[in-house]
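Asks: Sharing a structure below in structure tokens format, with a few things to ask.
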Amino acid sequence: MEKHIRNWIPCSAFSKFSLGTLTGIVIDLIFPGTVLLWTGFAIGLFSISHFLKKRFQISKYFIFGIFFLLYVLTVFPEKFQINPQKKYFNVSQKSPFGKPEKIFQKKFREQVLLDLKEAGLEKNSNRIALGLIFGESKQLSQEFKTKAKEGGILHLFAASGLHLGVLMGVQFRLLSLIPSLGYNTPRIIPLLTGFLYLSALGYPTSLARAWIFAGMLLFQGLFFRKLRPVDLLLGSAWILWLVDPIRFYSVSFCLSFGAVTGIFFFSYPIRIACNFLSDENKISYFLKENLSISFSAGLGTMPVLLLAFESYSFGSILLNLIMVPLAGILLPILYLSLLIQKTKLILLTEPIWSITELLIQILIYLSENLSKPLGFYKEMKGSVWIGITGWILLCIKILYYSYFIEKII
């Protein structure tokens with residue numbers, strides 16, 4: 001546990017720079033209009049820290065990050081300054097590459113709609129397929145959306161790291177089987193196709209975060225340099241803020257980064273706490289891994305959901321243990337079905353779409369029948385503070401218990 005905690009200290013100059021900028025953003029949100037005051041305070045602390053031991057000294061890159069924030073707030077106020085009274089942001093589909101990209105996005109959507117129409121899926125199956133491909137819950141019926149919300153599985157229908165991870169991961173595995181491609185090509189090609197998918201969907205926040213993550217991991221592999229999870233989080237958050245500051249302040253951003261931060265920070269302690277599940281047995285190992293990921297992601301998003309929506313599905317961890325692996329199987333088959341549909345060969349298209357629709361029907365059945373009994377959905381409203389207090393105590397208990405168990409082991 002001690003090593004795990006130490007790994008959350010930024011090790012690269014870029015991540016320290018990013019931390020300085022992001023720290024300034026948080027302070028500016030809490031105390032708007034005081035940027036010069038806390039910048040001076042930070043410089044004072046930086047100067048004083050040089051009289052302390054090296055481990056307590058504030059990095060110069062951290063200060064540079066604060067100065068960078070001060071610079072962009074001064075030079076580009078319209079882009080980077082946020083109105084604190086504006087709680088929600090209406091973010092439309094983005095096309096930074098202009099008209100050609102808009103045409104590409106339109107053609108992509110039209111082609112997918114045409115392929116699904118030709119596949120002849122049942123109405124509800126077609127809606128679920130659209131929701132999974134485009135990462136849009138608006139494709140779902142209101143009844144199904146409500147049940148998915150109560151079960152805490154609505155994130156499956158929001159373009160996220162799961163979608164991009166499946167798309168890029170399958171490509172990487174297949175390309176890695178071809179020795180002639182070498183080391184770099186199997187890593188670069190999935191990143192490029194991932195960007196096309198990102199562009200086609202209009203750069204949704206969580207998908208953009210996942211692609212930036214993948215890009216940083218790619219460069220890490222190409223240059224044989226190891227980055228810590230905190231470096232990936234800080235770097236990707238800083239890049240997303242610089243490129244798209246409005247979406248940076250959205251609930252989608254908070255949920256996406258909250259989930260990933262939770263997985264990075266809590267999955268290891270939870271695995272230690274679940275040491276009664278053997279790693280040698282494949283079933284128990286699978287259960288431990290999925291439980292740690294589902295539970296840690298839930299911990300990362302819980303405060304955001306409570307504060308933003310005043311509600312939470314306390315049983316979502318249980319339902320996600322079933323639904324996330326199922327979605328992980330369904331997504332690559334769905335993508336493959338769309339590719340095979342292009343061949344127009346009935347001998348190939350009918351069997352693959354039959355399998356796809358069967359999996360979609362299973363997903364629908366489980367969502368409709370398990371969301372209420374397993375979701376434990378609760379509207380907190382005026383008692384959000386109780387949920388936040390419980391979340392803090394739960395996090396402390398998990399870390400303390402894991403530390404205690406690790407010492408015994």
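The backbone N, Cα and C atoms fix where each Cβ goes, and this holds for glycine too.
Unlike curated entries, TrEMBL annotations are predicted automatically.
Quick paste from TrEMBL:
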type	residues	note
DOMAIN	132-400	domain 'ComEC/Rec2-related protein'
TRANSMEM	21-46	transmembrane segment
TRANSMEM	58-76	transmembrane segment
TRANSMEM	153-175	transmembrane segment
TRANSMEM	195-219	transmembrane segment
TRANSMEM	249-270	transmembrane segment
TRANSMEM	291-309	transmembrane segment
TRANSMEM	315-338	transmembrane segment
TRANSMEM	345-364	transmembrane segment
TRANSMEM	384-404	transmembrane segment
Asks: Would you kindly list the residues that approach the transmembrane segment (249-270) from elsewhere in its chain, counting only those six or more residues past its ends and only Cβ-Cβ distances under 8 Å?
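Replies: Answer is 1, 4, 8, 82, 89, 91, 155, 158, 160-161, 204-206, 209-210, 213, 229-230, 233, 237, 240, 291-293, 295-301, 303-305, 308, 395, 398-399, 401-403.
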Asks: Most CB pairs under 8 Å with the transmembrane segment (291-309): which of 153-175, 195-219, 315-338?
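Replies: Between the stretches 153-175, 195-219, 315-338, 315-338 has the largest tally.
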Asks: When each of 21-46, 153-175, 195-219 is checked against the transmembrane segment (315-338) for Cβ pairs under 8 Å, which one has the most?
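Replies: Most contacts with the transmembrane segment (315-338): 153-175.
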